[in-house]
Amino acid sequence: MIEHHPTTIYGTTIVTVRKGNKVVIAGDGQVSLGNTVMKGNARKVRRIGKGNVIAGFAGATADAFTLLERLEAKLEQYPDQLMRASVELAKDWRTDRYLRKLEAMMLVADSKVTLALTGTGDVLEPEHGVMAIGSGGNYALAAARALVDTDKSAEEIARKAMDIAADICIYTNHNIIVESLDAE
């Protein structure tokens, strides 16, 4: 569980949907410092590696960037092996005293697999092709799960889930960034 401190930058919602031949990660743009919105258009979803991996991060911003950089380094070490790179990052996360204190989570996906990298060094695969993290993660997850069996596309589901989360969660806004990849 991520504790909220008034002097730490927090807040976001990230959702991933894998459906049909697409995988999507969507996130909002709000950065909060305590109970103040510091920025509304942050980009917390992006392509990494050679552009064949998409990632979204939630939690303390500086910590999330540290983890993103570490994952990119692991992807260089293990090209086109997202699962292996993520497991190796998780090993480092659990054993490194500095990394263990990082308060962030990430959702990552390539054409084959979607994973959540948690603050405790766990690597999890989603059930039903849907997963969400962050302050509005539970709202986005519930919305996406409700829509995944409809005829909506992965991107439509992710956007609607983010809209619902932004309506409910004060740390999430409607400035939605979406990245997608073709899935196998």
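Cβ atoms here come from the backbone N, Cα and C positions, even for glycine.
As annotated by Swiss-Prot, active site applies to T12, with the evidence given as sequence analysis. As annotated by Swiss-Prot, Na(+) binding site applies to A166, C169, T172, with the evidence given as sequence analysis.
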For A166 (Na(+) binding site), the three-state class that DSSP assigns: helix
For T12 (active site), the one of A166, C169, T172 that lies nearest, given that the binding-site residues are compared by Cα: T172
Cβ packing number for T12 (active site), 10 Å threshold: 30
Under 8 Å by Cβ from C169 (Na(+) binding site), counting only residues of that chain that are 6 or more apart: T13, S135, G136, Y139
Residue among the binding-site residues A166, T172 whose Cβ has the most other Cβ atoms within 10 Å: T172
Na(+) site shell beyond A166, C169, T172, criterion: Cβ within 8 Å of Cβ centroid: T13, D28, Q30, S135, G136, Y139, M162, A165, D167, I168, I170, Y171, N173, H174
